[in-house]
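Features as listed in TrEMBL:
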BINDING   Glu17, Asp18, Asp41  divalent metal cation binding site
BINDING   Asn183, Asn228  (S)-malate binding site
DOMAIN    42-297  domain 'Malic enzyme NAD-binding'
Amino acid sequence: MLALFPRYGQNTLIQFEDFGNHNAFRFLRKYREKYCTFNDDIQGTASVALAGLLAAQKATGKPLTDQKVLFLGAGEAALGIANLIVMAMMEGGVSCEEASRRIWMFDKHGLLVQGREQKVDSNQEPFTHQAPEHIPKTFVEAVNVLQPSAIIGVAGAGRLFSQDVLKAMASINERPIIFALSNPTVKAECTAEEAYTLTEGRCLFASGSPFELVTLKDGRTFKPGQGNNAYIFPGVALAVILSSVRHISDKVFLEAAKALAEQLTDEELAQGRLYPPLSNIREVSINIAVKVMEFLYANNMAFHYPEPADKSRYIRSKVWTYEYESFMPDVYDWPESK
């Protein structure tokens, strides 16, 4: 970090990725107030997951502040998502403590509860709660005891959203939210087909890996959405660089999540999607960049002046276009003689 910024300047954006749990948070805390940097595994993953939850509430009619979320996994991805959910809930009017109480985590040692034998990391403490009367030993027991409205898998340990887990979620909720975000596909907590089939097509599903269309026996077809970080970091980075931001607040990723969720149409939601098609990623990223840039200027975080009056036009003028006009001469057919 000390070598990069003197060489390339204060506005250089550094993206952290693939650090271990301990180092990821340590480096982010150490450098985020000194340099322009973010960790995509923590903040990018959090933003795209939150966008999925915000989109899901359109279908459930249940606000985010009323959701109870159970994580499978308690590492950097889970903690990043959980912290951003708390921030979004607080924006919705609940206290930090109340928001944290609505989030539970289950790791390889079991449920994160106070006084458990295995050590809890300081980053996990806000989501380590008083143990329920019956402490669940398995994830399906945790689902039955805690009665979550959403389960989010980020453990990278394979098919742990078992048939029993998915059926339990379907019995507890009219529209269960099931996010199997681990990738690649072999590490996904469940497949899209398993999720839709075992919940009778009622679940709101997102995955970290791509899945094919799912057709149920009754003929209904669903297009599973992929919660890919590629929805978030291009737009955020574009807005940050063009606005000459010095430090990146977590609120930037909250705004990016809201901007992504807003782009989901009712038709796409009816198809089973929680995200716009990835084929439209260029336009999605530009729209996110516009919303983020508006937020940066409104909150005095931008240092590029004069402020662009038409931010969409300004951003589009800075985006590289890979399409070229043909340099070949125009060719015309010779008219037929009569």
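Along the chain as shown, the residues are counted starting at 1.
Glycine is treated like the rest: Cβ placed from N, Cα and C.
Unlike curated entries, TrEMBL annotations are predicted automatically.
DSSP assigns Asp41 (divalent metal cation binding site) to a helix.
For the domain 'Malic enzyme NAD-binding' (42-297), the mean pLDDT of the prediction comes to 95. Excluding Glu17, Asp18, Asp41 themselves, the residues of that chain whose CB lies within 8 A of the CB mean position for the divalent metal cation site are, in sequence, Phe16, Phe19, Ala24, Asn39, Asp40. In this structure, the binding-site residues under consideration are Glu17, Asp18, Asp41, and the one with the smallest number of other Cβ atoms within 10 Å of its Cβ is Asp18.
With a cut-off of 8 Å between CB atoms and residues at least 6 apart in sequence, the same chain places Val48, Gly208, Tyr275, Leu278 near Asn228 ((S)-malate binding site), listed in sequence order. Calculated from their C-alpha atoms, the gap between Asp18 (divalent metal cation binding site) and Asn183 ((S)-malate binding site) amounts to 13 Å. Residue pair Asn183 ((S)-malate binding site) / Glu17 (divalent metal cation binding site) shows a Cα separation of 15 Å.
Cβ-based neighbour count (10 Å, all protein chains) for Asn183 ((S)-malate binding site) stands at 17.
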